[in-house]
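Chemist: Dropping a structure here in structure tokens format, bear with me for questions.
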Amino acid sequence: MIRWRMNLSYFHFRKPRHQQHYLTLKPFTFQNPHLYFTKFINTSIEFSQNPQPTTTLSKLTTQKINFYSTPTIISCSKLLSKCTASKSLAPGMEIHAHVIKFGFSQDPKIRNYLVNLYSKCQLFGYARKLLDISTEPDLVSWSALISGYSHNGFFQETILAYYEMHLLGIKCNEFAFPSVLKACTVTKDLVVGKQVHGIVVVTGFDSDEFVANSLVILYAKCGGFGDARRLFDAIPDRSVVSWNALFSCYVHSDMHGEAVSLFHGMVLSGTRPNEFSLSSMINVCTGLEDSVQGRKTHGYLIKLGYDSDPFSANALVDMYAKVGILEDASSVFDEIAKPDVVSWNAIIAGCVLHEYHHRALDLFRGMNKSGMCPNMFTLSSALKACAGMALRELGRQLHSGLIKMDMGSDSFLGVGLIDMYSKCNSMDDARLVFKLMPERDMIAWNAVISGHSQNEEDEEAASLFLLMHTEGIGFNQTTLSTVLKSIAALQASYICKQIHALSLKSGFELDNYVVNSLIDTYGKCGHVEDATRVFKESPVVDLVLFTSLVTAYAQNGQGEEALRLYLEMQDRGIKPDSFVCSSLLNACASLSVYEQGKQVHVHILKFGFMSDSFAGDSLVNMYAKCGSIDDANCAFSIIPVRGIVSWSAMIGGLAQHGYGKEALQLFKQMLKDGVPPNHITLVSVLCACNHAGLVAEAKHYFNSMKNLFGIEPMQEHYACMIDLLGRAGKLEAAMELVNKMPFQANALVWGALLGAARIHKNIDLGELAAEMLLALEPEKSGTQVLLANIYASVGMWDKVARVRRLMKDGKVKKEPGMSWLEVKDKVYTFIVGDRSHSRSKEIYAKLDELSDLLKKAGYVPTVEIDLHDVERSEKEQLLYHHSEKLAVAFGLITTPPGAPIRVKKNLRICFDCHTVFKFISKIVSREIIVRDNNRFHHFRYGLCSCGDYW
């Protein structure tokens, strides 16, 4: 005898279900004690607990039973059978009363019908009472009870009932085993399931298809797909039900590849798929986003005549919509005779997913006109469409409708409302919805934090996260990544460190989503070392992490490290994407390394990223900042869809290179193409006017920013205008504009005034601007250096000495002039008077050679700009050793004849160097391109592109 050994330890705290469901069976009483079966038994719908009577019940409703003698067991059995089939409890209990009265209670067949009836109607107490008073245990009655427990969701009770039946020595059959195995499947109790499996094998029911299917589902749902497949393969005659059993398990576990293989195997075996097989296969194609296989499955549906099946049709609409073939989705939808709410939801959600928001709202209106009532999923999609189109008023109408439908407090829709209001820039409404939610879960908190972050209300986002953590609400990687984005915008590195610690404590240090956000935040806060450490400590380093760190290096002026990291990425065999290439181009732009930028361009061509807007915009920016405006223009011309970033980059590049009129012409073309400018574009336009001395044009655009483009002038725009007016000698107008500013002038504005004072040797303005700058930026040496230059230009050497003394006493060190030159993929650095270069002798020999040629050409050193208190000859020597002159000399001895020399400098080029390079460009017939901290200078044939207006 097989011993039943079931682990019941987890049931120790509960009473057996038969005790919980045990109800005392009270005797029935009747108004007429002489009531016989001659009375018509009316089992109409009003006595039934089933709201939708079956055909059997309908027949029973019109049937009249008339007994002229004592009723028989057969007649009672027939009536109980019909009551059980239709779950007609009241008539069944009436018949039960007659069964008791006429002494049929001990009849096994009658008892089985009654147990089955009460089990199906969830009166388990009555069913157990009938079993307990039975003199002989009956397999059919126990099977009925077990089946009733299972079908009504009492799965632990199912297992306990089977355990009792087994202890009574009653062997299970092919009808009870599937119910018990289903209970083990739902409760994920594979241990008990394996014990039942053993009994199935011993009793010989493993060859039964229904039992075998239940075993396949048990193992698959508990993660044992290998065992499930072996059991499936052992089924001798597999029907479509067997195939569907394993197939559905694969689908539910997102094992789409295995599901496709199994479907093909079913077709090859000659088994005809049914509508369930095909609708499941369509769901697989949806998960794989495989429209080709989806169309083939659609063909099967039509061929086999299941295309009118509503479940299959809905699955088709959903599949076509989610893979983005909305025309086919609409075609299938239009062919559905009576689309239900699932049909409407599928087509509307698909439109929203692919950002066809207007179409989604049109469908939503059509659904309302058809009389179909939307559910929470429909309304969620409609809210997303409103969010996508920023239709706040329509969103408010939907919100009002939700309140009328008593769905306003639903948490799922509440999150949708928060998201809609957030994307419509209405955070007050979003916070109100959040506040009124009866239960605010983690998803709701994430939604409102994300809303503040999206609307650049970063302090509120950070404060909400603190409140969320204080209240004990859990958080996930989405929460951390969202709040880290706000921390990056605030550049609050100390909070970033705290969140980093929290992520370590909570176990998110291995989550790439969080790690990527930490690297990005540390980078934007200027803590590149911390970003690098997080990168190195990550166990899995992928393309996203490489991109984040490359971007961090590029943003913090560590372009060489960014390029080195890219080489490491290539060594690991990680294929780049357009984003990392864009970051690399920005690194090349910051270093002004033209040759390496061209190599990145080659990679972009190689990997097919030329059509990507990020890569295209970065190419324009890189070439412009590396001194090749012609290459920038070529890159700009092949961008397929030019957005505001593309136009701004090209206009800014032309402005930096001194092509003011060309920049304004391009700006007009942008407006003609229907692209509205942003504040960055207008800064570039004003800079173009500034570098070209176009005062009237600048005034026009500055004064019309608000009226024409709806953009209020910011500090940058005022700084450009003040710098322009100052350079043009309109110092009074510049000061008047400073006084009219709606906010306090920042360092940009006072720096522009100080520069104007230097050009026009205005002592009073220079002293005022310097005083304000020293209050705003006391640590910067450039202010005092410029002020000393102003004093020196008018011969006030005592004040020059006083400024230099103040710098010495305040331990303010003048920023040394530095220049960079790229030769054969290597960047060389030069400092004024530097002799540490390995080829210093050649460099200084070249300078001596150039000195003789310059004197013959008529060059006279501008010694007035040198503030050192030394003889003229020594001043001339110091001027010859400026860093940019060293770089140009090195370029002349290391680059091929005729090749352009590209130099980058950290400070503004001095007047003497500017004059020298004009002469050198003519003497050696070379183009010299200098990028200082303000603009580009192209020296050709003795002239500069700036027209000496700089």
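Glycine residues also receive a Cβ, built from the backbone N, Cα and C atoms like all the rest.
Below are the features listed in TrEMBL for this protein:
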type: REPEAT; residues: 138-172; note: repeat 'PPR'
type: REPEAT; residues: 239-273; note: repeat 'PPR'
type: REPEAT; residues: 340-374; note: repeat 'PPR'
type: REPEAT; residues: 441-475; note: repeat 'PPR'
type: REPEAT; residues: 542-576; note: repeat 'PPR'
type: REPEAT; residues: 643-677; note: repeat 'PPR'
type: DOMAIN; residues: 858-950; note: domain 'DYW'
Chemist: Are there residues at least 6 beyond the ends of the repeat 'PPR' (441-475) whose Cβ is under 8 Å from a Cβ of it, and what are they?
Modeler: 411, 414-415, 418-419, 421-423, 425, 427, 430-431, 434, 482-483, 485-487, 489-490, 492, 495, 502, 506
Chemist: For a three-state summary based on DSSP, what are the helix, strand and coil counts in the repeat 'PPR' (239-273)?
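Modeler: Secondary-structure breakdown of the repeat 'PPR' (239-273): 26 helix, 0 strand, 9 coil.
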Chemist: Give residue numbers and ranges for long-range contacts of the repeat 'PPR' (643-677): same chain, 6 or more residues beyond its ends, CB-CB under 8 A.
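Modeler: Here the qualifying positions are 613, 616-617, 620-621, 623-625, 627, 629, 632-633, 636, 683-685, 687-694, 697, 709, 711, 935-938, 945-947.
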Chemist: If you average per-residue pLDDT over the repeat 'PPR' (138-172), what number do you get?
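Modeler: Residues in the repeat 'PPR' (138-172) carry a mean pLDDT of 90 in this prediction.
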Chemist: Quick one: DSSP breakdown of the repeat 'PPR' (643-677) into helix, strand and coil?
Modeler: 26 helix, 0 strand, 9 coil
